[in-house]
Amino acid sequence: MAGGDQPPAGEGRRYWRWSKADFFPEPSFQSWRSYGGALAATVPRLRDRVAARSTDAIEAGTLLAESENPLRRCLSWVDLAFLGFGSVVGSGVFVLTGQEARFDAGPAIPLAYAAAGFSALLSSFCYAELATEIPSAGGSFSYLRVELGDMAAFLAAGNILLEAVVGAAGLGRSWTSYLAALLGRDSDSLRIHVPALAEGFNLLDPIAVVVLISTSALAMSGARLTSTINSLASVIGIVIIAFVMGFGFSHFDSSNLEPSFFPFGAAGVFRAAAVVYWSYTGFDMVATMAEETKNPGRDVPLGLLSSMSAITVVYCAMSLALVGMQKYSDIDPNAAYSVAFAATGLKWARYVVALGALKGMTSGLLVGALGQARYTTQIARTHMIPPYFALVHPKTGTPVYATMAVTLGAACVALFSSLDVLASVSSISTLFIFALVAVALLVRRYYVAGRTPASQLRTFLAFLALLLASSIGMSVYYNSSYAGRWPGYVVFGIGWAAGTAGLAFGAKQQRVPKMYGVPLMPWLPAMSVATNLFLMGSLGSLAYMRFGICTAAMLVYYVLFGVHATYDVAHSRDGADAVADNVEQGKIALPVSTAPA
């Protein structure tokens, strides 16, 4: 059946359906002949879509009709704070601290968490402003689509989905490691060794698959129920964290920090910071819940910034307690805290810690399933991936298909891939997206299409280019053979300061935030750009190779599918009229901030 023969969205259509028209409703995919014609027109379509920008009203209003049923506004800032806490704590400190203290940072692991936390806090300020301005389930994807255009948004979309799949898979495998520790067994004892597979992919983990499916099933039941369960679990988590820090510092031995606090040098600290940045990624899930928040203009900034500030302090303290309890060279990289407590003589404490870690990781998977599905829903609403995954269930008010898709991908990856492989891939994707979000905020403040004079635009672009070039140059220089020489840092530091000062004093802001605005504009987002790019440079070449392969695969998909689907939607008058009719008839209610006057 052709896309034009379908009943209007929401009228007489069952949720549980499966047809070609649900996945490929666009004219370019109605037949092999039409698809061939679309491929022949790829170049002009790319020119049309690369620079095309969306609007606040489309992202936070009009596109909602693609889901046929609305996501439910039921969350407060307290819910968001607990969701942020639940998604981050457990998915970081219990997972990566041991690995990075052992192999990269040594006793200086708290400084790695501080550096990563500082960068994440800068990013959370940027997210807070954009989420109040564009309260969409798409989070960073929507912000980039509005400010940087379809191509940047697509690259972000691909990396968001990669991060979602890889992040959930990593948590699932860590869950298995801590379950083994709770049972008093080796961390890999519950996995199945397959010698025929490559190293890093030869330990199959069926338990991780079961955990992923279970938490996602709960997330599909409703945001309100999931939030309530997460809040209760977070209270338990806070008690366990207090226990870990209390007993950890009571067994703190300063000799474990010797003979060198920096056994791998400053470079090791920054390598660790780039990897443990993954442990802060849960905060961006809070931004995706803006569409389900009662008062996003107030609640999102409160929820984001309060949870991130507290989490940064907790991470630094817990990592310090770990390296104080046990010498870094003796730390178990898979179940660090449980083994460290056992080594101090508190063998019973390892079970409390393992149970707490399991709780934390379960919360992380639960909240992650919420946020990842919302990202996927908004991406599908734009038709960059099949719109089938945008559909929201009428009873639960959740995107069931999107949740199932991300879970299936994560389960397949978790079955095969080891934690170190997953962490480096996820970190580079996360840092890339956060840097783009900071750039998008600068663009939003300094450029408004049709209103910004050409001279102002040229001034803004010149200073932005200087800021970006200096930030990239600093990162490359630090990781080059010239890293020990100071002149390069002076040159790139002056370049960054000049670019940022140029924005502050030489370029005129074109837009004032409606509700919440990032303080110290443009210094704070400029620092966010610099720190994220610096941490990206600290990752190894293997991480970049994997990132490059994944990005190349994304671009192939975009050329073969994404550009044609989005082109058809953008140029289909009938599709636009159908969406407008749904909004006018009240099938989908626009948020107050984007509703037409």
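Here, residue 1 is simply the first one shown, and the rest follow in order.
Note that Cβ sites are derived from N, Cα and C of the backbone, with glycine treated the same way.
Listed in TrEMBL:
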| type | residues | note |
| --- | --- | --- |
| DOMAIN | 516-565 | domain 'Cationic amino acid transporter C-terminal' |
| TRANSMEM | 77-96 | transmembrane segment |
| TRANSMEM | 108-130 | transmembrane segment |
| TRANSMEM | 151-172 | transmembrane segment |
| TRANSMEM | 231-249 | transmembrane segment |
| TRANSMEM | 261-280 | transmembrane segment |
| TRANSMEM | 300-323 | transmembrane segment |
| TRANSMEM | 400-419 | transmembrane segment |
| TRANSMEM | 425-447 | transmembrane segment |
| TRANSMEM | 459-480 | transmembrane segment |
| TRANSMEM | 486-506 | transmembrane segment |
| TRANSMEM | 518-537 | transmembrane segment |
| TRANSMEM | 543-563 | transmembrane segment |
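Mean predicted confidence for the domain 'Cationic amino acid transporter C-terminal' (516-565): the pLDDT average there is 88. Summarised by DSSP class, the composition of the domain 'Cationic amino acid transporter C-terminal' (516-565) is 40 helix, 0 strand, 10 coil. Between the transmembrane segment (459-480) and the transmembrane segment (151-172), the number of CB pairs under 8 angstroms, six or more residues apart, is fewer than three, so the stretches are not in contact. Contacts between the transmembrane segment (261-280) and the transmembrane segment (543-563): absent, as fewer than 3 C-beta pairs lie under 8 angstroms at sequence separation of six or more. Counting only same-chain residues 6+ beyond the ends of the transmembrane segment (108-130), those with a CB under 8 A from a CB of the stretch are 93, 97, 100-101, 139-140, 143, 261-262, 268-270, 272-274, 276-277, 279-280, 283-284, 286-287, 300-301, 304-305, 308-309, 311-312, 315-317, 319-320, 322-323, 328, 434, 437-438, 440-441, 444, 513, 516-519, 524-525, 527-528, 531-532, 535.
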